[in-house]
Amino acid sequence: MIPDEIKERAYQGTTTKEDALTLLEIEPFELFELADQIRAKAVGDNVTYIVNRNINFTDICIGTCGFCAFKDKKGYLLSIDQIKDKIKEAHVSGATEVCIQGGLLPNVKIDLYIDILKAVKSDYPHIHTHCFSPMEVNHAAKASGLSVEETLKTLKANGLNTMPGTAAEILVDKVRNIICPDKLTRQEWIDTVTLAHKLGIQTTATMMYGHVDTWEDRIEHILTIRRIQKDTGGFSEFVPLSFMPYNNPIGEKMMEEGRFMNTGIDDLKIYAIARILLNTHINNIQTSWVKLGKKLAQMALYCGANDMGGTLMEESISSSAGASSGEAISAEELEWIIRATDRKPVQRDTLYRSIR
C-alpha cells in the first residue's frame, strides 16, 4: 500500500527521489492507479495526438553512440528539393508539423539548417518547424564558429519554431560516458535547452532508458527535467523512449551477457513514475506507439500518459533498431486506438493547442 504522505507529495508535485524508489517497490497496478488518478486530475480524459511528418534528412554521422542503428557508412543526404517534396506530401496529408533531424554531418555549417528551414517556410509558412536536436545545434555552432546562443538566434530568425529535446538519453554523465562518450555532456544539454527556452524556443524533453542505466539514473534524469522546467517553463511534453536493442553495439553486448531489454511492466512503470515526479510541472506525457506497439501504448494511457504522439508518415531511427510497429499511422487509426480506451481523442498542434 502506498503511504499517505507519499500520495500527498505526489498530488502536490513534490515527490522526492526516495518516494519514487519506494513507489517502485509497490505492487505495479497500485502504482499505475495512482499515476492514472494524477493524470485525470491534471489533464482530464482527453488523449491528444498530432498530424505530423518525420523527416530524417541524413544518416551520415560522425557520432559514436553505442545505441544507434541508424548511422550508415554508405549514407544518404536528402537534397533541398527532396526535402521540399516530403514537406509537400506532409501539407497534402494535413500535417501541422514537420519534425526534422539528422545525423552529424562532417563540418556541417549552419547554412544547411537555414536552407532546410527556408524549404519549409518559403512554401508552407503555416507548418510548424520542430527541428534539430541540442546535439545538432552544438555541432553546427562549433563548425560555424558561432556560440550556441548565436546559432539558436539565427535558427529562430530563419523559421525555427520549436526543438526536439532529443540527445538527452540519460542525463547522468557516468551513463553517457558509456553509451555516448562523444555526445554533449549532461550540463551541455541542460545549458542548450535552458538557453533555447530563454530565447523563446520551446522544446520537448526525452529520456532513452533500458540499456546500462538504473532506476536511480532514470529518476535523477526526470528530476533534472523537473528542475529545468521550474526554472524556464519551456518544456511542452516529456517523452520516454524505450531502448531498441537490435543492430547496435550496446544491444549486441546485452544479448551476449544475457541481459534482456525492458519488459512491458518496466515501460509502464516509467510512464507512472514520470507522471508522478512531473506532476504540476509538465502536464503532457507522450507514449510511443512506434517503440511500444499499439496495444502497450494503449496500456500506457492507464499508467499516466495522455498523448499518443504523431502520425509520423515515416520513421527511420527506431525501425532501424528493431521497432516493428510501422513507420506511419493514420489519424483515423490513432483515434480508434484512443477511443478503445474510453478516452476522447483530440487533435493538437505542437504546443498542445486543440485543433479538433
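Here, residue 1 is simply the first one shown, and the rest follow in order.
Cβ coordinates are placed from backbone N, Cα and C, and glycine is handled just like the others.
Per Swiss-Prot, [4Fe-4S] cluster binding site is recorded for C61, C65, C68, and the stated evidence type is sequence analysis. Swiss-Prot lists 47-281 with the feature domain 'Radical SAM core', giving sequence analysis as the kind of evidence.
Other C-beta atoms found within 10 angstroms of the C-beta of C61 ([4Fe-4S] cluster binding site) number 19, with every protein chain shown included. The Cβ neighbour count for C65 ([4Fe-4S] cluster binding site), using a 10 Å radius over every protein chain in view, is 23. Within 10 Å of the Cβ of C68 ([4Fe-4S] cluster binding site) there are 20 other Cβ atoms, across all protein chains. Per-residue confidence over the domain 'Radical SAM core' (47-281) averages out at a pLDDT of 95.
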